[in-house]
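Remarks on the structure that follows.
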Amino acid sequence: MGDRIESSPYRFKMHANESDVLLCRSPPLSPPDFALLKRRIDEMYQVNLILDNLPAIRYTRKDDYFLRWTGYPVGIRVGVDYYVFNHLQFTVLVHRYEDPNVARVMGAAADASDGAAVPANAGKDASAAPGWMVVGFEVVPCSIKHNPEDARAVKMYGRFPSKIKCDPSTVSMSIKENEPIVYTYEVSFVESDIKWPSRWDAYLKMEGAKVHWFSILNSLMVIAFLAGIVFVILLRTVRRDLTRYEELDSEAQAQMNEELSGWKLVVSDVFRAPSNPMLLCMMVGDGVQILGMAVVTILFAALGFMSPASRGTLITGMLFFYLVLGILAGYASVRVWKTIRCGDHSGWVGVSWRTACFFPGIAFLILTTLNFLLWGSQSTGAIPFSLFVVLILLWFCISVPLTLVGGFLGAKAPHIEYPVRTNQIPREIPAQKYPSWLLVLGAGTLPFGTLFIELFFIMSSIWMGRVYYVFGFLFIVMLLLVIVCAEVSLVLTYMHLCVEDWKWWWKSFFSSGSVAIYIFLYSINYLVFDLKSLSGPVSATLYLGYSLFMVIAIMLATGTVGFISSFCFVHYLFSSVKAD
């Protein structure tokens, strides 16, 4: 995630208010430094401070309500002038505990800093003094014109000669070539009723709850519409046809077979093996693994096991669940392979091996390319080489063996028997009025409709540095997405069978998997209209690279849902047909 925590020069003493504190006086800005600082202000770089594991929070007023941000900008541009925020007004919210044992256990009145500042003990004897706990950390950045000469005689952490008044609504410290910048700060400690367990509430307050509920209501309407179509297909059309078919005697059936039209005509071709069966098995296996990882991770996060207080837990959890669920990927891919080959499981090792390398291989290729770009631009977001080695070892020492174990279990499991026999000679598919791929591509709009509102919040969390913690909503939206994908794929498979198109395997996968195309188009739209400050080809390439990586994962997961639901539907549909 690009987090590298360093100790900052800001120094606080627990429950000791300080004002007009000189931090430092920079050397005169050389032309390259001046150009770099201007570029960083244009690119809207943020400074993120952490005190006792709490990120600095900044409030800005908009109309009648306050917006919350973590961190503060390096500076601001007004017209042609650039201004730097060189004075920080800190407010530390503290909660008093009379019981020193509680205070000691919770880590209060001790050096419990995570890099931004070190609170010192309130008293010499910790056992005698009441405990203070940091329960909030706020910052107000100001741009104040200091006289550099005034700072010459003052030492670091000394009192600045002139009184400093912080007014966030005005800026006055413009940066100029060959001129130094003087940095100052002030800190005030405010007693608060916020208890230790509730100190993260300010960061996790759910904004736009009505919007999330609207998103879910919107999804439920799409589901109800599709469920109605599925209901009509299954109960009215299919049931009515089958009842009529079963009530006839054998002579009438033979006569009716000649008059049959639609899905009943492809009874001898519907389970014919698809083209590139191994690739389909690999994609289904990886889709099961990704979907399982997403469900388990979001469920754990929704239950509160992955608090943002422990940085990196979410990504670590995702990686752990992905590795462990390799066993599921191997099992699913080999089971589908064995079913397509009517019980012959030869080649299961190759299928398992390819499944273990397909999606991680794509991810490795994309992330390595992006990492070279990051290394080239000397960014802290680059994955260190040692971590790259660790990830490769995890892949080959845990994920691959577990996928092979899953493949072995899949080879031992009985294959799913087809209810009808397949003719040796394939039936000719009649000419279609519209190309079938057009329908498949259009089908992705329905799952996208259930997802796009929540997608905005997720994008803002990833790219705008906002804390995303409405995992309960996300879990509901994901379940709704799975239902919509299953229904869309099922309806489209039925429509293809009705026009005597028996090549449904890949179409069922991509009819729900095509939602990924719309998500990628949405991410391009987000880049153009919401990330206007993103400058330079490297930043845009990184954004599109990470978006492509996420979209491929979504395509595999949603496509797998569509394929499995369609397979179950086709199996159920043709198991009811009496056919020689």
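Cβ atoms here come from the backbone N, Cα and C positions, even for glycine.
Annotation source TrEMBL lists transmembrane segment at 213-235 (among others). Sequence-distant contacts of the transmembrane segment (213-235), counting only residues of its own chain at least 6 positions beyond either end whose CB sits under 8 Å from a CB of the stretch, comprise 446, 449-451, 453-454, 473, 476-477, 480-481, 483-484, 487-488, 490-491, 494.
The annotation transmembrane segment is assigned in TrEMBL to 288-307 (among others). Taking Cβ pairs closer than 8 Å, the transmembrane segment (288-307) reaches residues 200, 313-314, 317-318, 321-322, 325-326, 328-329, 332, 359, 471-472, 474-475, 478, 482, 553, 556-557, 560-561 in its own chain, all 6 or more past its ends.
Look at TrEMBL and you will find 313-334 (among others) tagged as transmembrane segment. Through the fold, the transmembrane segment (313-334) approaches residues 1, 281-282, 284-286, 288-290, 292-293, 296-297, 300-301, 305-307, 345, 348, 351-352, 355-356, 394, 398-400, 402-411, 413 of its own chain, all at least 6 residues removed from its boundaries and within a Cβ separation under 8 Å.
Outside the transmembrane segment (355-375), and at least 6 residues removed from its termini, the chain residues within Cβ reach (under 8 Å) are 281-283, 285-286, 289-290, 326, 329-330, 333, 381-383, 388, 392, 395, 399-400, 403-404, 407, 538, 541-542, 545-546, 548-549, 552-553, 556. Summarising the annotation, TrEMBL assigns transmembrane segment to 355-375 (among others).
Residues or ranges marked as transmembrane segment in TrEMBL: 387-411 (among others).
What TrEMBL records for 437-463 (among others) is transmembrane segment. Through the fold, the transmembrane segment (437-463) approaches residues 208, 211-212, 214-215, 218-219, 222-223, 226, 470, 473-474, 477, 480-481, 484-485, 488-489, 492, 495-496, 507, 510-519, 522-523, 526, 530-531, 543, 558 of its own chain, all at least 6 residues removed from its boundaries and within a Cβ separation under 8 Å.
Per TrEMBL, transmembrane segment is recorded for 469-492 (among others).
Counting residues 6+ beyond its ends, the transmembrane segment (504-528) has Cβ neighbours under 8 Å at 270, 274-275, 280, 283-284, 436, 439-445, 447-448, 451-452, 455-456, 459, 463, 485-486, 488-489, 492-493, 496-497, 534, 540, 543-544, 547-548, 550-552, 554-556, 558-563, 565-567, 570 in the same chain. The transmembrane segment annotation in TrEMBL covers 504-528 (among others).
Positions annotated as transmembrane segment by TrEMBL: 548-574 (among others).
A Cβ distance under 8 Å defines the sequence-distant neighbours of the transmembrane segment (387-411), meaning residues of its chain 6+ beyond its ends; these are 285, 319, 322-324, 326-335, 337-338, 345, 348-349, 351-353, 355-357, 360, 364, 368, 371.
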